[in-house]
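*Asks:* Quick one: this structure, given as structure tokens, is what I'll be asking you about.
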Amino acid sequence: MSAHQDFIPGNELYVSTFDKGHLPLPPSKKVAVVTCMDARIEPATQLGINLGEAHVIRNAGGSAKEALRSVVISQRLLGTREVAVFHHTDCGMLTFTNEQLHDKVKAEAPGNAAVAAAVDAIDFLPFSQLEESVKEDVKFLKENPLLLEGTNLTGWVYDVTTGKVQRVV
Ligand SMILES: [Zn+2]
């Protein structure tokens, strides 16, 4: 039994009431949300975002650095003018260092030079201070020359235990 076996019945249910096939490509609220891939996060429901209103860019930790490619596409090609960065409590990114993950991957492929070189080349972008990491990511975007001038930038923390969001910057 694989998780993907639930996709077709789940989708059939969705399609049975789907009536949003007319939406245009650019997000109507002109906002891009950068957030974590954490399974407890559901930005649309948690932030009151409807289909077609926002870009949601997700990766491990909600890293603005990793999201930059998507943010540039979002702004330059699809008209967004606001970026909101969300990190969250109990994030996996708070639990390891680059060195630890590098060592773990290498230990799982002993003597494999290709694996060692490939993993050592990756900065997994872990962080140790939650609010500080949000501020750093907002600062990274603010100072990035590729970001459009006048972009409305905010930074937030989402609490996975209460479901509440709090603005940090
Ligand atoms: Zn996370």
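Residue numbers in this text run from 1 along the chain shown.
In case you wondered, yes, glycine gets a Cβ from its N, Cα and C as well.
Just so you know, TrEMBL annotations never went through curation; they're auto-generated.
Sharing the feature lines straight out of TrEMBL:
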| type | residues | note |
| --- | --- | --- |
| BINDING | Cys36, Asp38, His88, Cys91 | Zn(2+) binding site |
*Asks:* Neighbour count, 10 Å Cβ-Cβ cut-off, for His88 (Zn(2+) binding site): what number do you get?
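*Replies:* Taking every protein chain into account, the count is 23.
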*Asks:* Neighbour count, 10 Å Cβ-Cβ cut-off, for Cys91 (Zn(2+) binding site): what number do you get?
*Replies:* 21
*Asks:* Can you tell me the three-state DSSP label for Cys91 (Zn(2+) binding site)?
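*Replies:* Reduced to three states, the DSSP call for Cys91 (Zn(2+) binding site) is coil.
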*Asks:* Run through the Cβ atoms and count how many others sit within 10 Å of the one on Cys36 (Zn(2+) binding site).
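*Replies:* Counting Cβ neighbours of Cys36 (Zn(2+) binding site) within 10 Å gives 22.
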*Asks:* Starting from the Cβ of Asp38 (Zn(2+) binding site), draw a 10 Å sphere and report how many other Cβ atoms land inside it.
*Replies:* 20
*Asks:* Translate the DSSP assignment of Asp38 (Zn(2+) binding site) into the three-state scheme.
*Replies:* coil
*Asks:* Cβ within 8 Å of the Zn(2+) site centroid (Cys36, Asp38, His88, Cys91 excluded): which residues?
*Replies:* Thr35, Met37, Arg40, Ile41, Gly61, Gly62, Phe86, His87, Thr89, Asp90, Gly92, Met93, Tyr158, Val160
